[in-house]
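Here's what TrEMBL has on this protein:
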DOMAIN    16-264  domain 'SMP-30/Gluconolactonase/LRE-like region'
BINDING   Glu18, Asn154, Asp204  divalent metal cation binding site
BINDING   Arg101, Asn103, Glu121  substrate binding site
ACT_SITE  Asp204  active site, proton donor/acceptor
Amino acid sequence: MSSVRIECVANEGYRIGESPVWDEKEGALLYVDISGRKVCRWSPVTRQAQAILVDAPVSSVALRKSGDYVITLGTKFAALKWKEEQVTTLTQVDKDKPNTRFNDGKVDPAGRYFAGTMAEETRPAVLERHQGSLYTLFSDLSVVKHFDQVDISNGLDWSLDHKTFFYIDSLSYSVDAFDYDLQTGKIGNRRSIYKLEKEESIPDGMCIDTEGKLWVACYDGGRVIRLDPETGKRLQTVKLPVDKTTSCCFGGRDYSEMYVTSASDGMDKEWLSRQPQAGGIFKITGLGVKGVPPYPFAG
């Protein structure tokens, strides 16, 4: 599609940009820099990014119904008050595993916060295998563990009819689907709906559009791909000027803009000189599809 336009809107050289979420109330894009330990908010009006520094790797951010945000910080679910720059622990997981941290997280249509863990990396995508788990934080702040033996818990989203949960464990090179019960938050009947091609590399963050198609950021693949979860076919590839694309979301006034985060960790000087926008935040317009507004955490 010749009308697709890609622009680097925040060239801040984030180490691991992740978890983009559109905050409609603020008219701004939220995201995190995991190893930079920052929660960031970029305004399309000022074209500036603000950042709040935190005391551990922060891997996802989500809206909260009562105001402000929730984050995954180290192995904690926590609340973040933006103006006060105040972080409060809600609960902690993986207490028996000192070497893990949360990775990607997202709120389901009923207001539950799903997030998974992984082992700390020795270098990008190199880590002790099978150390992670997938968790849900409920509105009463109780936590359920769905399963363990995860390598890198990553992209998540829900089908438009809320009957399917989509999930990525990156080193399986697969996008998976589960049956989903909106009433209880239970998942089951796991199956693979798409296996990545070699040049697509590692599946990372993911979001859904209003046509029910999935968009997956390909880490080390320098692209986002659009998939049909029904047929398992790839419908579209959008290449970006950086290799380490990490996640994507829709945003803007009518959710017709796509925002893509990227990373610069693990890149040497020569690689960075070839990709000066590595670790930047990108805006893609002209895709011809819109996204679904994010759900806020109900607790």
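Using the three backbone atoms N, Cα and C, a Cβ is placed for every residue, glycine included.
With every protein chain in view, the residue among the binding-site residues Asn103, Asn154 whose Cβ has the most Cβ partners within 10 Å turns out to be Asn154. Using a 10 Å Cβ-Cβ cutoff, Glu121 (substrate binding site) registers 17 neighbours. The average pLDDT computed for the domain 'SMP-30/Gluconolactonase/LRE-like region' (16-264) is 97. Within its own chain, Glu18 (divalent metal cation binding site) has Tyr31, Val32, Asp33, Ile34, Ser59, Ser60, Asp104, Gly205, Thr246, Ser247, Thr261, Ala263 as residues 6 or more apart in sequence whose C-beta sits under 8 angstroms from its own. The Cβ neighbour count for Arg101 (substrate binding site), using a 10 Å radius and every protein chain shown, is 22. Under a cutoff of 8 A between CB atoms, and with a sequence separation of 6+ in the same chain, the neighbours of Asp204 (divalent metal cation binding site) are Asp104, Asn154, Gly155, Ile168, Ser170, Val216, Ala217, Cys218, Tyr219, Thr245, Thr246, Ser247.
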